[in-house]
Every structure is written in C-alpha cells, then in structure tokens.
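Residues or ranges marked as transmembrane segment in TrEMBL: 70-94, 123-139, 173-192, 204-222, 242-266, 327-347, 368-390, 410-440, 461-489. The feature domain 'STAS' is assigned by TrEMBL to 517-676.
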Amino acid sequence: KSTSIWRIQIFPVLMYQKTDMQENHRKHHCVFMLAKLRKSCSCTPKKLKNFVMDFLPVLRWLPKYQCKEYIWGDVMSGLVIGIILVPQAIAYSLLAGLKPIYSLYTSFFANIIYFLMGTSRHVSVGIFSLISLMVGQVVDRELLLAGFDLNDDAPSAWGDGSLQNDSQSNSTAFNLTVAGMNVLMGIFRLGFVSMYLSESVLDGFATGASLTILTAQVKYLIGIKIPRSQGHGMLVITWINIFRNISQANLCDVITSAICIMVLVTAKELGDRYKHKLKFPLPTELVVIVVATLVSHYGKLNEVYASSVSGAIPTGFIPPKVPHFNLMLRVAVDALPLAVVSFVFTVSLSEMCAKKYAYTIRANQEMFAVGFCNIIPSFFHSFATSAALAKTLVKTSTGCQTQVSGVISAMVVLLVLLFLAPLFYSLQKCVLACIIIVSLRGALRKFQDVPARYHVNKVDTLIWVVTMSASALISTEIGLLVGIVFSMLCIIVRTQQPRTTLLGQIQNTSFYEDDLEYENLSSVPKVKIFRFEAPLYYANRNYFLKSLYRLTNLDPNLEAARRKKYEKEKQHLKKGDHTTANGLGMRETTLQLVPKQNDFQALVVDCSSISFLDTTGVNTLKEILKDYKDLNISVLLACCNPSVTDSLKRGGYFGKDCGSMQEMLFYSIHNAVQFAKDQKNHDPSQVPFKTIIFKNYCCVTGFILQ
C-alpha cells in the first residue's frame, strides 16, 4: 500500500523531469547534427587531401611499395595475365558482336584505371564472358531496331563499316550508362545491394548465362551461317536454327574445332592436376592461337575451304569519340542489371582475395573503380568490364603482390595494339569459339554439384535451378531478376511456415530442447514450452496460432465455446428440462459438453528465435494471453531480445505501467518453468481445474439419477 502511495505522489514529478530531459536531449541532438553538417560541408586542406587519397588509393600504397619483395611476383603475374588477356580479348569480341580491337582497348584501359582506383591487390579487371554476352545482346537488339541485317551472310553492311560503327556507338553508349549507374551507386553508398544476390542466385545466373554463351558459339564451331537470335527464348531458337542448317557445316571448321578443344581441355586438366608443381599456368590459349593462325595463313583455309577468319585488326588507337547520349536513355533499363552484376562479381572476388591474404577492401570504392573503368574507356571505343574469376585465380597463383601487375598486363596488351594486332588476320573464328567454350568449364561443372548442393540445402538448390533455367531459357537479365525475386519469396515462405516445436527438459539440467530431435527428454508436469523459430509478424500470425493449438492440443476459443455451451445446458438442467433441441437426453448431451481436461496450467513461449515483432505480432501475443487466462492458464515469455521486449512494452502487453512485467517475462526458459511451478504450488486460491470438472459432473449426474 505504501508503495502504491509513493507511486501516486512521485509519478507526476518523474514524468515532468522525464519530459524536460527529452526536450534537452532533442535540443542537444539538433545542435550536434547542425555542427556535424557544418563540419562535413567545410573544405580544409586536410579534408581535400584525404578525399584525393581515398579517391585514388594508389597514392596511399604506392609510396610504401617494397620493390625488392614485390616486383618479381608482380612482373610474372602481369606477364602471364597479359598473355592470357590477348587471346581472350580477341575471342570475347565474338560475344559482344564487335571487332577484336575494341576488346583490346577495354583490357588496356581497365587495367590502368583499376591500378589507380582499385583497393584489391589481386583482382583482375577486364573483359568477362558474361558481361560481353550481355553487351552483345543489347547491341544486337539496337541494330535490329535500326534496320540492320545481322545474318552472317550479309557482308555489305560490314564492308562499308556502317554496321560496325553503329555497333561500336551502341556499345559505348551502353558502357557509359553502366558506368554512370556504378558511380551513382557509389555516391549513394548502395554497396549493400550485393547482399540480395545470394551465392545460389549468382551461381545459377552464371551457369544459365554460360549455356547461352555456349549456344551462341556453336555456329562458329561448325562453321554454319545463321542469324543471331534476339529476345526471349534465344537459346531454344538458336538450337532450332542450328539443327535446321547442320547440313551446311564447314568440315574444315569442324576438324579445327575438335583439335583445338582436345588440346585446350587436355592442357587445362594437366594444369589443374599439376598446378602445385607449376610456377605459372601454361599459356595454352596463346600457343593454340599462334599455331592456328600460322596453319590458317599458310594453308589458305579461308580461300580454299571458306573458313571464317577474324579479318583485319588495325593497330594504334582510334581517336576518342563522345558517345551518343540519346542512346543512353534507350539502354538504361538494360544497363541496371549489368551494373549490379559487374559490381557484385568485382566485390565478391575482392573480398575473397582480401580474406585469403589478410587485408581489407572498401566496397563503395570498388564501385567507383568499376564505374571509372567504364566511364573513361567509353570515350575510347571500349565496352563494359568487370572482375574475372579465372584470371583472378591465375593472378593469385602466379605470385601477384599488388596492383602493379595490372600495369604490366596493360603493357602486354599495348604491345599487341601497337604492333602485333595485324598478325591475327587469318585466325579462324572457330578457334576463338573453342577458347570461349573451354573457359566455361568451371560454370558448367556446377551441374555436377547439384546432388551435393541438394543434400546440404534443398531450398538453395531450388533457387539455383530456377535462376539457371530462367537465365538460359528466357534471357540473362530476366533470369537475374527471377532469381532475386524467387530467393526473396523463399525467405518469406520460410518465415511464414517456420519450424515449431514443444521443448522438453534435459534431465538434471536447466536446458530445454526439441523433444522430437533429442531422446530421453523429460516433460515438465503441467507446463508446455513452445518454440517458434521465426519473427512473428502479420504474414505468419495464423500459422503461429495453428501450430500452438496443434502442439498443445488445446484451442482456447473452442474450449471457451464448449464451456459456455456447457454452462447453458446446466441452466436448462436446473430448470428441469431433461431433453435438448437435438432430441438427445440431458445426460448424453452433458457428457459431450463436459469441458476438456487441461493437461497443463502454464504455457512458456520460447522467444529466443523471434527476432522482431510487428503490431500484429504483439496483438497476437496479447490475444493468446487473454484467451489462455480465461482458461486459468498463465502465459510466460522467455529469452526475449531487447527489440522484442521494447515492442511488447510499447504495445501494452505488460499493462499500462509494466507492473506485471516481472511475472510475465523471464531471461531463461528454466526461470519461467520454475516460476510456473512455484505459482502452481503456492497459490491457494487456484483450485485444480480437474476437481472443478469432477464436482460439476457428479452434481449433474446425481440430479439426473434422481
């Protein structure tokens, strides 16, 4: 009583002081925010220096470069990557629908710019098969809209240069759009977007795109002339065209492709088997290109057997040109998925290398680096770039130490650009297609991992299959979107129907576990312990209630209705009416309506897996509290995190002044169970419900017998 009087007297004073404190806190917060804003907007020499150093990380690490320790590894890895870059750059030009010279430009500028702006020491940035495919699809679509014939048998447009000029204009405009999106994502700190692309989505997307890339190269392997398919279902349409024109296959290209694939696959397998003994990987692609070019040139395969060749590759640099900004609006929608994919692949590889070699990267700076790897080169006829997994792994295995290796690789590409490019005139396109297909081995091997993936997690496997199928059968962009949406739906479904269980006590301990997963657990008399392994919110409210009623074998609403009807029939019985409306005797009806005997008197809800509550979740807990209270069953909450506790307080679960909080909320399940036992043993006013039912039943039966 004295405590209540003290609360009445002191409560207004406390509220007044609390209001003043809140007002002072708001004032101090506003002053602090204004000072912080003023400080952030001010420009001092120190802040300008830090900005430049952050924008160009090379200014931080290059002065600390340990030449004697790092130079040998950087030079070796740079030379190896440069040698690998040249044939891949020429080959991937087929995917982008552009001449090889543009892919060489891309490789050169990307390595130089990433050297200046990148934060990862080991990532290799440049052409990437998946990015090249996405660029090629957009370029082909724009050319079709412009009225060009993309059939390989239509050389007139290529001959006068109009088709190639339009292709290059479309690719550079597309590249600049992608770059702008990357930079905007960096400015607004949108690096968190990569979190929504799970490993299953990325693997499925890469595998589906690899099937599309493989399909696009088959016509070069066998030397047939079919138009480049566009739109949804490109993979199916291309294979139909291939089988329709299979009789026109060029025997020379077929034989050359078979030999090249056999040599490349054998060399790759031997390299993987003996990679620990080799100081650097064998430049198999370069050897194949050199030998195939010599054979094609001296054997006159183009003139005698009509084998398709790369054609003239000019030397030097084409004068820079401003992209057509009117095209940027037309390709903006296509640029968004490519910008996200390029950033995600770059950041993922950067984080993988940083974790392996114990250093840190900055995700938003990586976004800036990828953006500027596309912005500046877009004025020099380049197309979109990204980090490449295969070349990054080669870079790490050949002793790379810093970004200096990228400069060495750029010098190798520059040597080809200035002097060696014309030597690849007679190189057959089927050889380039073989290099592309063999480079897809890693992505295509993901099919072998499906059983193991299914054994680990069935939902992730389903996400992989859906993303892969959509990317291959519909389109790469749609496939990525489908994968993201489907993975989010899987998360929603898993939270809508999470795991629910009753817990039992581990004997002679204070720990409680799932009685279906563990053996020899003892149940707590008169206490049910319910665990719900998901957030409780509007989407899974009904599932929560159904699971609770099913596992406890008690629906309080039905039990309340049964008791109400039982009381009503008792009133009829007292009035002397021995029959009911359905014609049954009062005894039979009363026996049917005797309230169900409860085998528990306390319900403990384990909230350790409930990460948050929304308004519906709070109201749901309030509802079960009221319903079970009507049945003389107490509801106790255990293991609530601060967020859940705060939601319950604000929702009024513990009453207006939270006075009953100590009797309803517990830090552990064991504490709640002990409280329930003590409450049952020390509450003299609580008569066991079993006794009440028995007395009522005896009274009714005796009255009927009389």
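Heads up, the Cβ atoms here are built off N, Cα and C, so glycines get one too.
Remember, predicted model here, so these are calculated numbers, not experimental data.
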Determine the mean pLDDT over the domain 'STAS' (517-676), rounding to the nearest whole number.
83
If we skip the immediate neighbours and take only residues 6+ beyond the ends of the transmembrane segment (123-139), which ones have a Cβ under 8 Å from one of its Cβ atoms?
81, 85, 88-89, 92-93, 95-98, 103, 106-107, 110-111, 114, 167, 170-171, 174-175, 206, 209-210, 212-213, 216, 230, 234, 331, 334, 337-338, 341-342, 345-346, 349-350, 353, 369-370, 373, 383-388, 391-392, 394-395, 406, 409, 436, 439-440, 475-477
With the transmembrane segment (70-94) as the reference, which stretch in 173-192, 327-347, 410-440 has the largest tally of C-beta pairs below 8 Å?
410-440
With Cβ distances under 8 Å as the criterion, find the stretch in 173-192, 204-222, 242-266, 327-347, 410-440 that has the most pairs with the transmembrane segment (368-390).
173-192
Which listed stretch (204-222, 327-347, 410-440, 461-489) has the most C-beta pairs under 8 A with the transmembrane segment (242-266)?
410-440
Please figure out which one of 204-222, 327-347, 410-440, 461-489 racks up the most CB pairs under 8 Å against the transmembrane segment (173-192).
327-347
Using a cut-off of under 8 Å between C-beta atoms, tell me which stretch among 204-222, 327-347, 410-440 contacts the transmembrane segment (461-489) the most.
204-222
If we skip the immediate neighbours and take only residues 6+ beyond the ends of the transmembrane segment (204-222), which ones have a Cβ under 8 Å from one of its Cβ atoms?
94-95, 129-130, 133-134, 136, 152, 228, 234-235, 238-239, 242, 246, 249-250, 253-254, 257, 308, 341, 429-430, 432-434, 436-437, 440, 443-444, 446-447, 463-473, 476, 479-480, 483
